[in-house]
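What TrEMBL annotates here:
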REGION    1-20  region 'Disordered'
TRANSMEM  101-124  transmembrane segment
TRANSMEM  144-163  transmembrane segment
TRANSMEM  192-211  transmembrane segment
TRANSMEM  217-237  transmembrane segment
TRANSMEM  334-353  transmembrane segment
TRANSMEM  379-399  transmembrane segment
TRANSMEM  437-458  transmembrane segment
TRANSMEM  478-501  transmembrane segment
Amino acid sequence: MDAAAAMEKQQQPGGEEEEEVISSVRYRGWKSMPYVIGNETFEKLGTIGTTANLLVYLTTVYHLPSVRAATLLNFFSGTTNLAPLLGAFLSDTFLGRYTTIAAASLASCLGMLVLTLTAAIPSLHPPPCTASSSSSSCQGPTHGQLAALLAAFAFLVVGAGGIRPCNLAFGADQFDPRTDSGRRGIASFFNWYYFTFTVAMMLSATLIIYLQSNVSWAIGLAVPAALMAISCALFFMGTRLYVRVRPEGSPFTSFARVIVAAVRKRRVPAPASADDLFDPPHQSKLVAKIKHTDQFRWLDKAAVVTAEDAVVDGMSAAAANPWRLCTVQQVEEVNLLAWIIPVWSSSIVYYVMLTQLGTYTVFQVMQSDRRVGRSGFEVPAGSMVVFNMVALTAWLPVYDRAVVPALRRVTGREEGITAIGLNELCYKESPESMRSVAGALSPLALAVASYASGAMVTAVERATGWLAQDIDKGRVDLFYLVVGAMSAANLAYFVVCALWYRSKNIADHGGVELLQTSSKHNADAPPAMAV
């Protein structure tokens with residue numbers, strides 16, 4: 001088919017078959033929520049309760065030096081947050097969200113069981129330090145003991161890789177996005193999702209850490225392991241009620257095709273207008289049609305129909321070779337990523353700062369007087385992160401009830417300002433075909449930050465000696481000044497990216513948004529833990 005015929009073909013309607021398939025889906029909505037929300041609540045209690053106090057576990061039970069423990073924890077945190085990108089790819093391309101979450105939940109449960117055994121079985125961890133021993137002379141872990149610890153970490157990484165990018169989208173899958181009640185259900189689900197996250201963080205940072213630090217590490221790790229087992233049981237109990245969205249193929253393939261096609265046609269003259277581009281009728285009722293934009297115009301060449309391009313007939317026009325000719329929709333989806341990535345990248349330095357809450361801030365607390373009054377009660381070192389969550393919890397109603405109305409009067413916008421949470425930005429502004437991948441972008445930023453933080457800790461210690469084993473003999477204050485200077489420079493970078501950013505522009509026809517959200521119910525989860 002020639003270019004003229006392809007343009008004519010674009011005007012033909014279609015999509016009845018897909019609409020019939022969509023209408024046959026039986027959404028159970030809130031009937032499935034006790035299992036979905038119950039699974040997520042107990043999963044968070046289990047995994048957060050396990051990872052929240054790991055630094056103390058590594059230094060007091062495994063007797064690792066502070067720098068080595070911080071580096072290992074940063075590497076574990078980075079890998080844990082990098083794995084969701086692979087999990088999202090497997091979910092969207094092959095497995096689907098149900099199968100991915102099911103396998104990941106079992107892996108997390110197994111990982112926490114192994115970690116519990118490292119504390120419960122004496123041969124799996126170093127012997128306690130004697131009363132006369134200094135911290136430097138305590139026996140460290142053997143290769144076998146370290147292998148058991150790393151095996152537990154590996155299972156936890158697999159679990160996080162499948163659960164983190166899929167659980168939010170899987171919950172939203174259970175509601176019909178075409179109805180008002182379904183959209184309200186999705187919004188309410190987001191409220192419950194972040195509420196349970198906050199509750200899990202608070203309980204983990206207080207009760208579970210208290211059990212670990214003041215009662216027994218074996219009991220303190222067995223409790224979250226049992227909670228994760230309950231999470232798995234709840235998830236599988238609701239299997240017959242779930243809507244399982246089939247994987248539609250990797251969005252990375254579509255993005256790669258646009259880049260390849262644009263490079264192949266780099267010498268083709270730029271199109272005079274959008275009317276000259278290959279833009280067949282939009283068939284999907286689940287993926288929104290995106291309007292053509294004039295930014296990154298060189299990518300438009302991927303949608304230019306040349307004499308070498310063949311277009312085949314069917315329900316709608318389609319390229320015979322998708323690596324040579326792409327649609328306007330595919331090009332615009334790549335444009336969306338090109339706008340999101342710079343803003344997303346500005347969060348990396350912020351997460352570098354955040355990782356200090358789980359490393360050297362904990363070391364400071366461990367050398368502080370944590371006794372409360374004369375009762376003899378000592379606040380566990382890992383519980384200090386609760387103050388960060390309390391401050392955030394206290395700030396949110398002030399922001400919602402006082403700051404936003406004041407800003408609304410100044411800007412005239414309903415939401416007060418256009419800066420929104422990173423999770424909301426990635427989920428709302430990304431193409432619907434990569435919503436699982438969008439769920440992995442925040443963990444990906446945290447992964448990069450964790451690796452960077454680990455490397456920075458090692459480099460600073462070797463170059464300056466600021467991060468001594470004894471905090472009082474080092475200069476942690478200067479280390480924090482370096483991190484603060486990085487944050488100040490990053491703020492300027494973010495402002496530039498925010499001014500350059502362009503929001504997704506949905507066409508008035510063809511396709512509907514799966515989810516309409518606002519910053520009230522889709523805010524970022526409290527950034528209290530870097531693991």
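Placement of Cβ uses the backbone N, Cα and C atoms for every residue, glycine included.
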Which stretch, 101-124, 144-163, 192-211, tops the Cβ pairs under 8 Å count with the transmembrane segment (379-399)? 192-211
Let me spell it out: take the transmembrane segment (478-501), skip the flanking residues so only those 6+ beyond its ends count, and list any with a Cβ under 8 Å from a Cβ in it. 339, 342-343, 345-346, 349-350, 352-353, 356, 360, 419, 460, 464, 466-467
Which sequence-distant residues neighbour the transmembrane segment (217-237)? Criterion: at least 6 residues beyond either end, Cβ under 8 Å. 34-36, 38-43, 45-50, 53, 57, 61, 101-102, 105-106, 108-109, 112-113, 115-116, 119-120, 204, 208-211
